[in-house]
């Protein structure tokens, strides 16, 4: 009948007569994971802090967090701790890190960040540490201009690197590994750092780093492990781990335990490749295969099939033993229903 003689061409990742179905509507992911549609039929679960596995159902204990930078879906792995109190006039940070590989040292990677509104828009106070071109970059803005210290190139033969940095009023200092201590004085007259955002480690919650401060903006999340992060906010107190309770993040995404490999527990079939980003893990299937473990074939009539079928004008593709045929709606004919 005439009512049936129309159809919707759906954008990617939507299906149904009215394009009403998205893979993540029936979200298979557990425990507050971020669901991302890998294809029209399959979802990837980006696991929250403390969870791992294909559906984020496995609990993992993280003592040394490993970060995987920005994944193919555009999300960074990160940990977020509660705002660090009393860092207005004085602070010292200590931490160690291990790079995933030499290449990751040359990228533009964020190690930690905290800002006034969590954004570091122009004029907003912020404190930030990262890697650029194989060097450690430490920046802060007390509201009257940015101060930046850049270390000498890291010795990439070292297994782990140690950073010790601090600030007293306008004066900041940075010591990396066995390099000489470097100092800087921030411009302008302001002497206090006013930040209210959470303390982000390894990456940032936002989908894009656009919200990070303009000057020292780092494009990627960190790749590798960061451990033993400690801070003190007066010269005569002891160092403590960030977080409330101490050492506990408020949230996180795709963060694994250092040296653990979630892929060791998963077998992708039919030439599929296991991809792990922190605690998030999934199978990347070869053309023609789909499903969580690449065990299902993609039918010649399915939208994922390569090449796609040629049936036109709302006709129905019907698979045959070798190939397919098009069932034409009223008023069309031809192999692909291309003739009126």
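Every residue gets a Cβ built from N, Cα and C, even glycine.
Under the heading domain 'EGF-like', TrEMBL lists 20-57, 259-295, 297-338. Here TrEMBL flags 47-56, 285-294, 328-337 as disulfide bond. Feature annotation from TrEMBL assigns domain 'Laminin G' to 68-258.
Sequence features annotated in TrEMBL and their locations in the structure.
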residue	record	Cβ neighbours (10 Å)
47	disulfide bond	33
56	disulfide bond	26
285	disulfide bond	25
294	disulfide bond	22
328	disulfide bond	20
337	disulfide bond	20
Using C-alpha positions only, work out which of the disulfide-bonded residues 47, 328, 337 is nearest to residue 285 (disulfide bond). 47
In the predicted model, what is the mean pLDDT computed over the domain 'Laminin G' (68-258)? 87
Roughly how many Å separate the Cα of residue 56 (disulfide bond) from that of residue 294 (disulfide bond), to the nearest whole number? 19
If one measures from the C-alpha of residue 337 (disulfide bond) to the C-alpha of residue 47 (disulfide bond), what distance in angstrom results, rounded to a whole number? 45
Where residue 328 (disulfide bond) and residue 47 (disulfide bond) are concerned, what is their Cα separation in Å, rounded? 44
Residues in the domain 'EGF-like' (20-57) grouped by DSSP into helix, strand and remaining coil: 0 helix, 13 strand, 25 coil
